[in-house]
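A.B. asks: Mind having a look at this structure? Questions to follow.
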Amino acid sequence: MTTTTAPLLDVTGVTMRFGGLTAVNDVSLTVGEGEIIGLIGPNGAGKTTFFNCLTGLYVPTEGAVRYRGTVLPPKPHLVTQAGIARTFQNIRLFANMTVLENVLVGRHTRTREGIFSAILRLPRYHHAEAESREKAMELLAFTGLAHKADHLARNLPYGEQRKLEIARALASDPGLLLLDEPTAGMNPQETRAAEELVFAIRDQGVSVLVIEHDMRFIFNLCDRTAVLVQGQKIVEGDRATVQNDERVISAYLGAPLESTTPAAPEDTQ
Amino acid sequence: MTTRTETTPVIPLPATAATTLTGLGALAVAASAAMSWTWTSDFPGDLTYYGSPVGLQWLAVAAGVLTLALLLATLGTPGLRWAAPTRSNNAVLYAATGALAVAAYSVTSISTELGGLANLEPGGWVLAGGGLLGVLGALGLPLDRRTHVPLRILDKRLFLLLPAAPVGWIAAHAIPGDKPVAPVMTALSGALAIAAGAVLLLQLGHLANSQLRLGKVDRPLPAPRELPSWVEVLLIVAAFGVGSYAITFGIDTDYGELFIGYLLLIAFMIAALAGSGLLGRLRALTLKYRPVTTGAAFAAAASFPFQTGEQYASVATNILIFATVALGLNIVVGLAGLLDLGYVAFLGVGAYAAALVSGSPASPIHVQLPFWAAVIVGAAVSMVFGVVIGAPTLRLRGDYLAIVTLGFGEIFRITMQNLNGTTGPNVTNGSNGIPRIPELNILGFDFSQTHALGGIQIGRFGNYYLLMLLVTALVVLVFARVGNSRIGRAWIAIREDETAAEAMGINGFRLKLLAFALGACLAGVAGTVQAHVTYTVTPDQYTFADALPPNSAFLLAAVILGGMGTISGPLAGATLLFLIPKKLEFLSDYQLLVFGAALIVLMRVRPEGLIPNRRRQLEFHEADEPAPPAADDDTTALTKAGA
């Protein structure tokens, strides 16, 4: 484990049990300032459950999640307010709102305008609203969706819906962005565009923790990668460490032999 | 999925013949109004005179003239071209069908109520013939049609009802009337006949649809002529004037036959004006001048008591109360997506609060607050109730919330019944309610007196109508401003996907509670006025379901029927839902049956509501929309099959 910067997110010994089933077992992980960390593992390994523990959707049975040194409250909206934003594995946009409105909803925690302000419409309200819109349009421009600001989210093609989810998450000015399979269902060109986008997000000073099945995407992108198998973190490290780990290979392939997946490097035996 | 369209007539007729037939038909319908339709004055309205149209006959005049005007406009007659920007003949067909509907309804109701076609005078025959001729002619005009509509056949098992209905009828008549099963058989055969009729009608509808292939007119509107802005403003005002007149006419209809004819005419004329593009023009104008539009709408509403008598002002006041509460419910249901089945309780809380502090001799609290203070009390108490009821229930989602709110609505009513001094402390006087609520007197303006405003006498209900209109304006303002703000967006986000909304930093519980409290507060304000309008507040006014509004079921129906999430939707829905049962009273036993059937038909035809939210319209009519750019959909097949 090589952490060059002070940890932004510090997960220690998180365990999540549902009755007798242990979905996540004693997982520790750190994410440093400006890092891109990958999280991989076979289907059902507990990656999304782990994410849900980080974002307050689940309260971990054991262990603690610290963000910038403070323990995160177990409520999704408070986690977002603290500075962790997320996207969802199966896209969860507000389908019947426009693209711009989706991003404006993302601004919710960073704006204060309440119900009386909305009814009275004092100058302060107009100012805050204009600022939100400006910021949202910037984010849409950043993700390349500015020309679709007035479209309904449901009418966007798949790849743009993924981008919009990211723009919406970024609207809350996060310090850490959690991406849950951001390239699922994308073709190779779109995957490359997504890579560029993640780098651009990191360059803006946002750390990224990303779940992905696409090994090429993960290894191109990530400073470190952790592998989750049956709820346990079996290895963490750079590309070579992960690719050469026998437990990873057996977890993915079962038997050490033929495969067409890019995840199976030839030199692992 | 895009549907292809063509412009062809349904009946092949030479162009001039089709035009002439349509024109003649429309003229005949309009002219028939000047003739006697029937020989006896037994039919409501007395249609026996030559030269002086009344009631239904005026509807015929309107239908005929509008059809003719649209025909001439579509032909491009100078001076009338503005009436049909799309130049689509569908508009003419819809108008002609409206004329036929009015004619057919008049003729059938005359002959059924008086017992036979023999009761028709020449005017009636001219009317019927003219209506038919007009539609035949219009079907010969080149219409916007889809190239192909497959014939839908209903489930074959349903057709078994067709032979079953006569068998049931014979069986019901074969049984002697004194047998105990006789009423059961009669009811059963009646239900069978209704079901068989519905099947037959539906299948005929599908058959007609596949033959007529009439599509939605989606011709682009040509660019409007450049007009000075004051002219455009005047056009908006004129349009609202016409609309206000049409609504006033509907409320003022004094017998059921006229109201049904009126509804038929209005429905078809709205379809015709939408097809001609005139409504699209108007919408563009209203979007351009929003403040003017709002002002014109309220001016039109405020003009109502000046146009009509005290009897209808009372109806209109009750409509306003109902509509305002429906709009408040729309915050809860339409924006935040919380299904509240006990909403009428908040109207009750406001009304009871106002009644208790009104100085009524039956109130155990012997104070008489000024009205403004009573409004604040009503709103505050309602809001507190909203929070108290919402705090435990809003942690539930979906169906559970609906059931719990339904329960709380009933708890409110029963509690009010029991706070009577016998089964509980005497606060509300039990089922007798709080009677003799004094009339309002604001700054010396006595609401019980008739006042002359601008030379016109405004009576008690007119006064309350105007006061209620202020409350409506307040609720509209709150809805519009909050709906389009950070809070409103958060509500819509919760409605769309609560989990995602929370992940975006929205405190779901808190915002849902806010929606609940705001909705309750607005209903409470309406309740404070209602208490004074009705003199008496009793628990039975605030039930879940009843034959007459307002009650929770009707409120919800008004929101859904009108259009969730919009302002004008619940207002229109409430107006319709108030008027239909009221005007259908002449159907006596069949009133609720016809009302239910009307609701089913409306929801089948317009599931998104009368005045839909732009978003909801997209949701329900996806197939009619041009396909969204789906470049990526094909390529997803090429995705990586998980490493």
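Every residue gets a Cβ built from N, Cα and C, even glycine.
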A.B. asks: Per TrEMBL, which of B:524-547, B:596-619, B:620-643 is region 'Disordered'?
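C.D. replies: Of B:524-547, B:596-619, B:620-643, TrEMBL gives region 'Disordered' for B:620-643.
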A.B. asks: Are the transmembrane segment (B:123-143) and the transmembrane segment (B:12-35) close enough that 3 or more Cβ pairs fall under 8 Å, when only pairs 6 or more apart in sequence count?
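C.D. replies: Yes, the transmembrane segment (B:12-35) contacts the transmembrane segment (B:123-143).
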A.B. asks: Do at least three CB pairs under 8 A connect the transmembrane segment (B:187-208) and the transmembrane segment (B:553-580), leaving out pairs fewer than 6 apart in sequence?
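C.D. replies: Stretch pair does not touch.
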A.B. asks: Are the transmembrane segment (B:315-335) and the transmembrane segment (B:341-359) close, by which I mean at least 3 Cβ pairs under 8 Å that are 6+ residues apart in sequence?
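C.D. replies: As far as Cβ distances go (cut-off 8 Å, pairs 6 or more apart), the transmembrane segment (B:315-335) and the transmembrane segment (B:341-359) touch.
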A.B. asks: Report, as numbers and ranges, every residue of the chain located at least six residues beyond the transmembrane segment (B:341-359) whose Cβ falls under 8 Å of a Cβ in that stretch; write 'none' if there are none.
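C.D. replies: Here the qualifying positions are 321, 325, 328-329, 332, 365-369, 373-375, 377-379, 381-382, 385-386, 389, 402-403, 405-410, 412-413, 416, 427-428, 434, 437-438, 519-520, 523-532, 534, 537, 539, 541-544, 550-553, 555-556.
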